[in-house]
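Chemist: Per Swiss-Prot, the feature GTP binding site maps to N127, K128, I129, D130, G180, Q181, S182, G183, V184, G185, K186, S187, T188; the stated evidence is sequence analysis. If you look up Swiss-Prot, you'll see C262, C267, H269, C275 marked as Zn(2+) binding site. Residues or ranges marked as domain 'CP-type G' in Swiss-Prot: 78-238.
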Amino acid sequence: MSVGADRKKTGTSLTGKVVAAYGRHFEVEVAGGTIYSCVVRGKKKGVVCGDEVEILPATGDQGIIETTLPRTSLFYRSEIFREKLIAANATQLVFVLAVVPSCNLELLDRCLVAAESQGIRPLILLNKIDLIGQDEQRQAVAHHLMFYRELGYPVLEISAKISVQPLIPLLSGQTSLLAGQSGVGKSTLLNALVPRAQQATAEISDALDSGRHTTTHVRLFHFDADSSIIDSPGFQEFGLQQLDEASLARGFIEFRPFLGQCKFRDCRHIAEPGCKLLLAAQEGMLNSRRIACYHKLVKGLKKSHPWMETNKRV
């Protein structure tokens, strides 16, 4: 028997948006604001928060997801043996960093590459600026942020405990995905933006009997009539096994002027002679840390695809 087959079907199908995803259960909001508690028909997989779907109403507030409509974007991470879908149809990635814990720049770079691959606009948000202490720490943080500003990424510095007002105009008209490592204050930020968010999180935690009210699922909140915020669990790692080498390279936006300019058309920008990317790095035109991050990502692809070998040029 397929999942949900024991639910009595009623009426015709409705189109709605997945506003919460936890396990195999989903909340789908249809026109007028009615929310159905849904499961997926059969063995269909891949439904994610933010998806536009067609559901078949069942008894009461129950429903069955029958179809997932085409997406404009899909933000997810992928390891060698599994992938984790996070959100669909996001137009903006708000990557949250914090003074404490210290900035994980590799995690930021990986998420920027994922966003670039899907055409999602990135916004870098530094939270907890009230905790910046010594001059050395302040200078280090300022140096990191200036680098990304010079790349062309918007960067905002706030303390969610003091005021989120500077962030509000940047959320207007967007479906913004909040992402970042654990402990950077995403929950505090969300609760300041959407006062009901904490209550909604607690309700799902109670329903799942999880015993904890930290974010363990993905949920969409309406910020205003034209804007939404998708909250996601914190993470410490972000694999990009879904991307090939060309997509990885293009994900580092400062690499783009040099791509296609190398001596060899199939240059992988690892150690090939005549590589314009490596030459630019040697001349100080590209950041060595970002080059190293790209090389690490390519090396990770080789581990998941053993047949892939570095081209040797002479």
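Any Cβ shown, glycine's included, is placed from N, Cα and C.
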Chemist: Give me the largest Cα to Cα distance among N127, K128, I129, D130, G180, Q181, S182, G183, V184, G185, K186, S187, T188, the residues the record lists as binding GTP, in Å as a whole number.
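Modeler: That value is 19 Å for the farthest Cα pair.
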Chemist: To the nearest Å, how far is the Cα of C262 (Zn(2+) binding site) from the Cα of I129 (GTP binding site)?
Modeler: 42
Chemist: Secondary structure at K186 (GTP binding site) (DSSP, helix/strand/coil)?
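Modeler: DSSP call for K186 (GTP binding site): helix.
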Chemist: List, in sequence order, the residues of the same chain other than C262, C267, H269, C275 whose Cβ lies within 8 Å of the centroid of the Cβ atoms of the recorded Zn(2+) site.
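Modeler: Other same-chain residues with Cβ inside the cutoff are K263, F264, R268, I270, E272, G274, K276, L277, L278.
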Chemist: Around the Cβ of C267 (Zn(2+) binding site), how many other Cβ atoms lie within 10 Å? Please give the count over every shown protein chain.
Modeler: 22
Chemist: Let me know the DSSP-derived helix, strand or coil state of N127 (GTP binding site), please.
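Modeler: Reduced to three states, the DSSP call for N127 (GTP binding site) is strand.
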Chemist: Nearest to I129 (GTP binding site) by Cα distance: which of the binding-site residues C267, H269, C275 is it?
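Modeler: It is H269, whose Cα lies nearest.
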Chemist: How many neighbouring Cβ atoms, not counting its own, are there within 10 Å of the Cβ of G180 (GTP binding site)?
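Modeler: There are 25 of them.
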Chemist: Roughly how many Å separate the Cα of K186 (GTP binding site) from that of H269 (Zn(2+) binding site), to the nearest whole number?
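Modeler: Cα to Cα, K186 (GTP binding site) and H269 (Zn(2+) binding site) are separated by 36 Å.
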Chemist: Consider the binding-site residues C267, H269, C275 and say which one has the Cα lying nearest the Cα of S182 (GTP binding site).
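Modeler: With Cα distances computed to S182 (GTP binding site), the winner among C267, H269, C275 is H269.
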Chemist: According to DSSP, which of helix, strand or coil covers G180 (GTP binding site)?
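Modeler: For G180 (GTP binding site) - judged by DSSP and reduced to three states - the answer is coil.
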Chemist: So how many other Cβ atoms are close to V184 (GTP binding site), meaning within 10 Å of its Cβ?
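Modeler: Total other Cβ atoms inside 10 Å, all chains included: 26.
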Chemist: Which of the binding-site residues N127, G180, V184, T188 has its Cα nearest to the Cα of C275 (Zn(2+) binding site)?
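Modeler: Comparing Cα positions, the candidate nearest C275 (Zn(2+) binding site) turns out to be G180.
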Chemist: Does DSSP give C267 (Zn(2+) binding site) helix, strand or coil?
Modeler: coil
